[in-house]
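These features come from TrEMBL:
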type	residues	note
TRANSMEM	12-31	transmembrane segment
TRANSMEM	71-96	transmembrane segment
TRANSMEM	108-130	transmembrane segment
TRANSMEM	139-155	transmembrane segment
TRANSMEM	175-197	transmembrane segment
DOMAIN	239-299	domain '3-oxo-5-alpha-steroid 4-dehydrogenase C-terminal'
């Protein structure tokens, strides 16, 4: 079974992340003004501007490259769709093939299905899954674990964007910033799943091919035991659970900070700005962003 596309996918994602962060790194460097340092910094500020940081202008051309700030909602819709799809696929694969289940013997139908998905022989796919070391199985279940946390994050942010924040009608953001947000919520869950996504896709292709060959009547009944979906997660290492605790701690603070920010504008159509206070606002300028950093620290631990 060929899973050589795994390193290829990870390589492409690495290139995408490097390309996305290079402008930020370039703007942070002390580039002389004569070499275009001021221009690069100003361009990055313009692209990342949103809300009150967007310079007001009566020119219609200046609004041509901006979108309403309430389009933040789109980020989390995309994040939920991508993360949910990856989570369900990899969780199903982990449940079916990354647990100590007794495999079914190969059959004539499995032989045909293997050839349909490009298998070199009738046992190539079965041998691949049976030969996976226990370390790899734990890795797949760790991927499920971090995708669950990512799912919680994007679902919560989707809810907050719709019900907690009240964006001003005049608040806008640059189209480059908007596209960057869309990129992030596609690339982030893909990066979390990239190490085992190719083999998951191959397994799903194999199952679809087998269904086409056998037909519904000859396919075994799929019996999913809910407790078996969770038991492998409980056997993960202490690093994953420390990461989950950090994730929960950061999430609770971000929820509180967002509630404070959302309560500042009592009238949704008002542009009045009030200085927030409470929670981490008494210690740092942007505690909701600090909480975001804490939340994503779980990926480093996990």
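Cβ atoms are placed via backbone N, Cα and C, with glycine included.
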Determine the mean pLDDT over the domain '3-oxo-5-alpha-steroid 4-dehydrogenase C-terminal' (239-299), rounding to the nearest whole number. 82
Restricting to the same chain and to residues at least six past its boundaries, which positions have a Cβ under 8 Å from a Cβ of the transmembrane segment (71-96)? 137, 140-141, 143-144, 147-148, 150-151, 154-155, 157-158, 161-162, 165, 167, 173, 178, 181-182, 184-186, 188-190, 192-193, 196-197, 199-201, 203-204, 224, 228-229, 232
What same-chain residues lie close to the transmembrane segment (139-155): Cβ under 8 Å, and 6 or more beyond its ends? 76, 79-80, 83-84, 86-87, 90-91, 93-94, 98, 185, 188-189, 192-193, 195-196, 232-233, 235-236, 240, 243-244, 247, 251, 295, 298-299, 302
Could you give the residue numbers and ranges of same-chain residues that sit at least 6 residues beyond the transmembrane segment (175-197) on either side and whose C-beta is under 8 angstroms from one of its C-beta atoms? 6, 9-10, 13, 16-17, 20, 47-50, 65-67, 71-72, 74-76, 78-79, 82-83, 86, 89-90, 93, 139-140, 143, 146-147, 150, 154, 299
Please count the residues of the domain '3-oxo-5-alpha-steroid 4-dehydrogenase C-terminal' (239-299) that DSSP assigns to helix (H, G, I), strand (E, B) and coil. 43 helix, 0 strand, 18 coil
